[in-house]
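Annotated features, as they stand in TrEMBL:
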type     : residues  : note
DOMAIN   : B:91-301  : domain 'ABC transmembrane type-1'
TRANSMEM : B:24-41   : transmembrane segment
TRANSMEM : B:95-116  : transmembrane segment
TRANSMEM : B:128-151 : transmembrane segment
TRANSMEM : B:177-200 : transmembrane segment
TRANSMEM : B:221-243 : transmembrane segment
TRANSMEM : B:280-301 : transmembrane segment
């Protein structure tokens, strides 16, 4: 168990024709001892490459990786005292579960056989697979194989765990169960963990902190709620949260925003954040939009919209709304309402965009100019 | 709404005795091909169990059923006995050469394929291409250089003498078999490496990476993971190399030449041929006897071969 530091880690791949591909660009994260850090991002963002560099399976082009303060850039994987769980589990098919789990200890330590046996027994107990010890991987279900892969990593008692999308190959229900179990295990063992996933739900629920990558560049590192409520930029805002945030392109006209679909007044604080910008991207999360069925437009924050599609999810309904349903391909935005409310396509409703819940982003860089207020909403500020 | 499934219209398909003509035609062709393929072996077998005295003038493909059916020759197992006596030393020499050569081919081929496929290092593609080029070397092109090599360049004969003197059962002339073994291993290596490489390419990269992270060295990964997983391919290579080496005549003639160290293919050349004529039953019996070991190997390892090739 130790702190793991990534300091300006960069990976450049050179193709045969001389083309250089920057897969990871100056990523720096300080992971505390015992922390569960989730590396999340869309496919191809460089998260797996980063993980493999920490494991020693990829060389580091520039930058440094330190484990417990020691530089490990040039150490071969076997000497880094790191255990990894692969997406495909990577179990040894010709060995039994017990042999799979003993392999690491046999190859990297001088432990006696009975000592190794004892540790393997303890770990199989912990993982709930004691009765599978003599089976071969081919005779196990996906979930069982995954537990063996986890057990194989735990048995090593390493300084850090690396997990490369270990839950991706499981069905949804099993994934949900394993998520909580993994969290519990990690807390119990207290081992520093880097967990790579493309699933933002896993990131939000499992991480002590999450690090969001896009195109090899680190977008934000923070607690899940920090990234959710105060995203650094438009990418993070759109990536975290399901259904994702609604974005509208707006022009700035002193104290209000003008857009193709609607106009929106700005509070003085928001005007200050916008500053000199002529255009902004207006963002609001689906769950922050209030929907009234038989309402009237009482303020400048309310708009008449029509329901286009309703996606019932049981606990919630995701409503796709549009300002103009008569167009061939209507532009829609999403709102979330309680699952008990009955709405239908074609209903005319009033949508409210509360001013304390909006986000504003710079059009060119995507950087956040103004994030939502984290206070409980009070009376709306006086408009100038 | 149901659709009527299309049914074959019997009135438009030509048939004979109730079976479609096409199928009869297909079976006839297959039968003819099988007959063409099997008749020589059947003839050989029938000839081998005919007594040499009554052989001349009979139909070779008919079983010897005299005195029941005149003109077919008398049944006799004598050719087999004579054949065995004549081929004895050849069989022993072949075994001495083929078994170590096959085992070495397999081991070295798998190690070479491991080094060229599973491990990554600079320049390995160049080495691999050299191996592939080796497959295409025609044996005929290297016959003379090989003779020069073993008889004039490498002093294997003199080096081998002390071993022959000290160890029991080892004769001086066995140095030729050692030379033949080494030659066959060398020339068989490219194809064995290729076979193993095809197998190793299919192994999961992540599994090897997991082994590296588990702390295993390159050698340990080979011994504990690659080797156990190569068993199906070993069966394939074993059968292939055994058959190739057992049946080889060219290198045997070149390196061993005739004499005490002659292998079974060489003995087969001259058996049953003498000034008084050709003893066909003896030759047939000898040929079938010489083919027996490869047949046995195939029977024992055959299903593994089929699995290994299909995998």
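In case you wondered, yes, glycine gets a Cβ from its N, Cα and C as well.
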Field: Listed stretch, out of B:95-116, B:177-200, B:221-243, B:280-301, that has the most CB pairs under 8 angstroms to the transmembrane segment (B:128-151)
entry: B:177-200
- prompt: Under an 8 Å Cβ to Cβ limit, what residues of the same chain, 6 or more beyond the ends of the transmembrane segment (B:95-116), are close to it?
  reply: 124, 127-128, 131, 174, 177, 180-181, 184-185, 188-189, 192-197, 199-200, 222, 226-227, 230, 233-234, 237-238, 241-242, 245-246, 263, 293
- request: Mind checking which residues of the chain, 6+ beyond the ends of the transmembrane segment (B:280-301), have their Cβ under 8 Å from one of its Cβ atoms?
  value: 44-45, 47-52, 55, 60, 76, 78-80, 82-84, 86-87, 90-91, 94-95, 235, 238-239, 242-243, 246-247, 264-265, 267-268, 271-273
